[in-house]
Amino acid sequence: MEHVVIVDPEGQRVGTEEKIRAHADGGTLHLAFCVFVFNPRGELLLQRRADSKYHFSGLWSNTCCGHPRPGEGVTEAAERRLGEEFGFVTRLHPVAQFTYHAEDHHTGLAEYEYAHVLIGRAPTDQPAPDPLEIGAWEWAAPLRIQADTQQYPLRYTPWFRRLIQEQPVADWATG
């Protein structure tokens, strides 16, 4: 049984809870991360979440997301998860933090997360995605993604839409 780290509104660890339970009944505030990996052309590696994911399945999103395990650091967890989902590792650097709440009306589950945003550079243009996690992937320019999320918002996860509209993602690509 997987557990997530429960946090207070300032992101301080206060306990643990079973993963699915933390996403039920409107969600419990827990620790998470969102990874953005760019290639040398400044394009972002996007993923379409696999149809088998327990919530927000089939939607396009940032490179990967996840939860640190109890006792695991955020950067360590993000680098681990990137390897699990895309088959490569790279050094990740924190650039932002945000709290968000989003309900998946198809499953009745919710995300209520204190999330760290980390960025990195891809060591390859040809990742090896895990098909149980990732239904499709592509490289895309941040400005194209920003326009697409405005025109077709329901194609994207709610946290990714918020980040792509509110954060300087194009600057992260060149930073």
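Just so you know, glycine gets a Cβ as well, placed from its N, Cα and C.
Residues annotated as Mn(2+) binding site in Swiss-Prot, with sequence analysis given as evidence: His23, His30, His67, Glu111, Glu113. Of all Cβ atoms in the shown protein chains, 21 besides its own fall within 10 Å of the Cβ of His67 (Mn(2+) binding site). His67 (Mn(2+) binding site) carries neither a helix nor a strand DSSP state and counts as coil.
Per Swiss-Prot, the feature domain 'Nudix hydrolase' maps to 28-162.
There are 23 other CB atoms within 10 A of the CB of Cys65 (active site), with all protein chains counted. Summarising the annotation, Swiss-Prot assigns active site to Cys65 (among others).
The feature Mg(2+) binding site is assigned by Swiss-Prot to Glu85. A 10 Å cutoff on Cβ-Cβ distances gives Glu85 (Mg(2+) binding site) a total of 23 other Cβ atoms nearby, all chains included.
If you look up Swiss-Prot, you'll see Glu113 (among others) marked as active site. DSSP assigns Glu113 (Mn(2+) binding site) to a strand segment in the three-state reduction.
Other residues of the same chain near the Mn(2+) site, with their Cβ within 8 Å of the Cβ centroid of His23, His30, His67, Glu111, Glu113, are Val4, Lys19, Ala22, Gly27, Thr28, Leu31, Ala32, Tyr112. The C-beta environment of Glu111 (Mn(2+) binding site), restricted to residues of the same chain at least 6 apart in sequence and closer than 8 Å, consists of His23, Gly27, Ala32, His55, Phe56, Tyr100, His101, Ala102, Asp104, Pro158, Trp159. In sequence order, Val4, Val5, Ile6, Val7, Glu17, Ala22, His67, Tyr112, Glu113, Tyr114 make up the list of same-chain residues 6 or more apart from His30 (Mn(2+) binding site) whose Cβ falls under 8 Å from its Cβ.
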